[in-house]
Amino acid sequence: MARRRKNRTHLKGAGATVQRANDGEPRSFIIKHGQVGSSLTQLVRDLRKVMEPNTASRLKERNRNKLKDYLTMAPTLGVTHLLALTVTDVAPSLRMVRLPAGPTLSFRVERYSLMKDILKTSRSSRSMGMEYLTAPLVVLASFPPPSPETPPHLPLLMKSFQSLFPPLSPNSMSLSNCRRIVLIAYNSDRGTVEFRHYVITVKPYGISKRVRRVLEGAPKKSLAKPSSGFLDLGNEKDVADFLLRKRGEPSPGSDGYESAASSASSAAGDDGDAVSLADDYVGRNNKKGQKKAVRLSEVGPRMELRLIKISEGVPGKEGAVLYHEFVKKSKVEAAALKASHVAKERLRKQRREEQESNVQRKKAEKEQGSRKNQEESDEDASDAEAEADESDQEAHDEWDEDEEISEVGSDDEHSEELGNDEEESEDEPEERPPTKKVRIRGKR
């Protein structure tokens, strides 16, 4: 049987990173740096939950990691925002950095609540499902409109929060993808920004709570003991006892019933909350064109932020201070500070150009030196070959062309010469090599 071949339909590595970076959606890193407690660590996890799916949910920080490491790697991975939480002597602080060139907004976290705290205080527990597969919708509330009297830092603050989330496109977005809302509200009395996170729920409109319970089934009280989905009316004699009983009367044998006015007052929402669904929505009986009541259920986290400073650039390469909560400068001081930042930036640029020119010069010198060494080695090799040719020519020239070469005589003459040589060798005594003395080692 032939082996089934698996075809991958998704990208991995650099291809996926490039595709995600080119889709135009903002990506974020949410980190903590420095020594922080368990509560702030949980706040980092909750903020990552809010920013899903366009954030690194499983990013792990190490003690040796510095803020500079994230600033260096983030643009390569297509990350556009960096949110860093740390603890100061006064209160926790949050820095929101727009990558790669800034600006940087510094906030003081006045108060905050975690997701588990919000869920504990809510009347109905809610299990998280498929809401975090799509990005939330951002709602900016109570910000003053642009005008000459509006402080210049407020429009920049509003745009910074707006750029954290994907832009809305009503013509192309699907209604079923609108599952969550992030509310950014400006409190002019306190001068703070409130951060809220909600889940959108759709309820039947124009019916009482008890009728809605009959239609929707029994609520799921816990995940450990799931309900069958049907409402238990075993203790009721008639369905009217359940639908028309007065509030606060748990016993089925009471003789009082709800009036039409009280039943209408318990209906889910009024005309201002009712909307006609433009498309099919998630949930039971949420079809296009039906009239439904929209509710927002807060799931947390909740933060109250105070803007402290807005500066150009990123941490480590900060430029001029655009706004400061506590330090106010005159126009002359602001102009002098801006001039000093311009001079620093010019000097930094000059040093960078000088460094690049030095690198290019050293690289050219290295290439020239290697080329020179190659030429010298080629010259040495050619000189050695020339010397070898000259020595062969000299050896050939040493042969004397005028020297006569005697021819070999007859066999008789050659035999006579051999005989004379043998007689001479017999007359001379044979020389034998000296004998070696044998050494005998005895026992000591």
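The backbone N, Cα and C atoms fix where each Cβ goes, glycine too.
TrEMBL does not curate its annotations; it predicts them automatically.
As the structure is a computational prediction, the values presented were derived from the model and not from experiment.
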Quiz prompt | Which range of 1-24, 49-72 is region 'Disordered', per TrEMBL | solution = 1-24
Quiz item: Within the compositional bias 'Basic and acidic residues' (362-375), how many residues are helix, strand or coil going by DSSP?
Solution: 14 helix, 0 strand, 0 coil
Self-check item: Rounded mean pLDDT for the residues that make up the domain 'Brix' (26-316)
Solution: 83
Self-check item: For the transmembrane segment (70-88), sequence-distant contacts whose Cβ falls under 8 Å of one of its Cβ atoms, 6 or more beyond its ends
Solution: 17-18, 20-21, 26-37, 40, 43-44, 47, 56, 94-100, 109, 163-164, 314-316
